[in-house]
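What Swiss-Prot records for 78-91, 286-298 is NAD(+) binding site. Per Swiss-Prot, the feature substrate binding site maps to ARG99, ARG109, ARG139, ASP228; the stated evidence is sequence analysis. Per Swiss-Prot, the feature Mg(2+) binding site maps to ASP228, ASP252, ASP256; the stated evidence is sequence analysis. The site 'Important for catalysis' annotation in Swiss-Prot covers TYR146, LYS196.
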Amino acid sequence: MKKQYRIAVLPGDGIGPEVMKEAYKILKILQNYFSLHIEIKEFNIGGIALDKEGVALPKDTLLGCENSDAILFGSVGGKKWNNLPIEKRPERASLLPLRKHFNLFYNLRPAKLYSELRFLSPLRSKTXIKNGFDILCIRELTGGIYFGEPRGRLKKNNIEYAFDTEVYYDYEINRIAHVAFQLARTRKNKVCSIDKANVLNSSLLWREIVTKVSKNYPDVHLSHLYIDNATMQIIQNPNQFDILLCSNLFGDILSDECAIITGSIGMLPSASLNEKNFGLYEPAGGSAPDIAGKNIANPIAQILSLSMLVRYGMNLKKIANKIDQSVISVLKKGYRTFDISDDNNXFLKTNEMGDVIADALINGE
């Protein structure tokens, strides 16, 4: 008997509902053409949930996610809710509690530059990226300086000061290191661990444990870079990297650097997962309220987020590869949305891009 997959779909705010409609087209193809048994249930999240139910993360949404195998997330937030206290705004009051509730301790951020879109990259003149690049940034999500205690802001002798604490426990580093090495075996068998071990004790522990874990993966090549050198090396030659293994803070920095050198954040998916392989899959960009409702948003990041769900959440790598290949196929044919077009007078609308990707998937292109 074939497994039935349950997906909680959370379109959210801004362009979220628009691009999610295009992901639905791919989901229907998975059901009808690939004979996957997928149960889809949609729930409110973020600003729309605040407006309708008074909270950004309603109880029925959380329960729906608990009863699912994965979460397909759109985007949350917008100017409409910026007058609220920061802790009640959609971004803070929905996405962060979801991550905490499900203990989503690591984030996968692919940064892929397609050769057809090289003209978008700030590094387009570099010969080293003429064929594009493909980096996977693995970021620890639940430890480090964003969560360490003590933290605060105080005043002493009329002098104000603030402090945060970088804390990492050995088990936190150990588990994400295993994730990185296991994923490296599905790619190019290369891991570059990022730290500041020449200055920080937390980074020294990070390097020691990552090195120790690497002994279990003799087929995977491990290298180490200090964060300051890594930021330069990525700009100099991104092709030298495959997997970047990062702490929370360093991963926050490097994943955005990797994103911007691809030229369009509208192309980039992401996934946050826990030890049971339960994950939340979402575009790396935001809700983009300035273009919401105009049918010009790029749906590719949302579609590729679904592909990541199929790859990591369902463990159906061959089908995920076919979704990825469909995106590559339409790019090779010259199809573009506004954000990735070099001709502002010739680009596809959001729904049109979804249609051509769906057709490519059906036709096996």
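Using the three backbone atoms N, Cα and C, a Cβ is placed for every residue, glycine included.
Sequence features annotated in Swiss-Prot and their locations in the structure.
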| residue | record | contacts (Cβ under 8 Å, 6+ apart) |
| --- | --- | --- |
| GLY78 | NAD(+) binding site | ASP13, GLY14, GLY47, PRO90, SER287, PRO289, ALA292 |
| ASN82 | NAD(+) binding site | ARG89 |
| ARG99 | substrate binding site | LEU141, THR142, SER272, LEU280 |
| ARG109 | substrate binding site | LEU136, CYS137, ILE138, ARG139, GLY251, SER255, CYS258, ALA259, LEU268, SER270, ALA284 |
| TYR146 | site 'Important for catalysis' | ASN248, LEU249 |
| LYS196 | site 'Important for catalysis' | SER203, TYR226, ILE227, ASP228, PHE250 |
| ASP252 | Mg(2+) binding site | ARG139 |
| ASP256 | Mg(2+) binding site | none |
| ILE296 | NAD(+) binding site | THR337, PHE338, ASP339, PHE347, LYS349, THR350 |
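Of all residue pairs in ARG99, ARG109, ARG139, ASP228, the annotated binders of substrate, the farthest apart have Cα atoms separated by 28 Å.
Residues ASP228, ASP252, ASP256 make up the record's Mg(2+) site, and a Cβ search at 8 Å around their centroid adds ILE227, THR231, LEU249, PHE250, GLY251, ILE253, LEU254, SER255, GLU257 from the same chain. Counting only residues at least six positions away in the same chain, the Cβ atoms of GLY14, ILE15, SER75, ALA297 sit under 8 Å from the Cβ of ALA288 (NAD(+) binding site).
ALA288 (NAD(+) binding site) falls outside any helix or strand according to DSSP and counts as coil. The number of other CB atoms found within 10 A of the CB of ASP228 (substrate binding site), across every protein chain shown, is 11.
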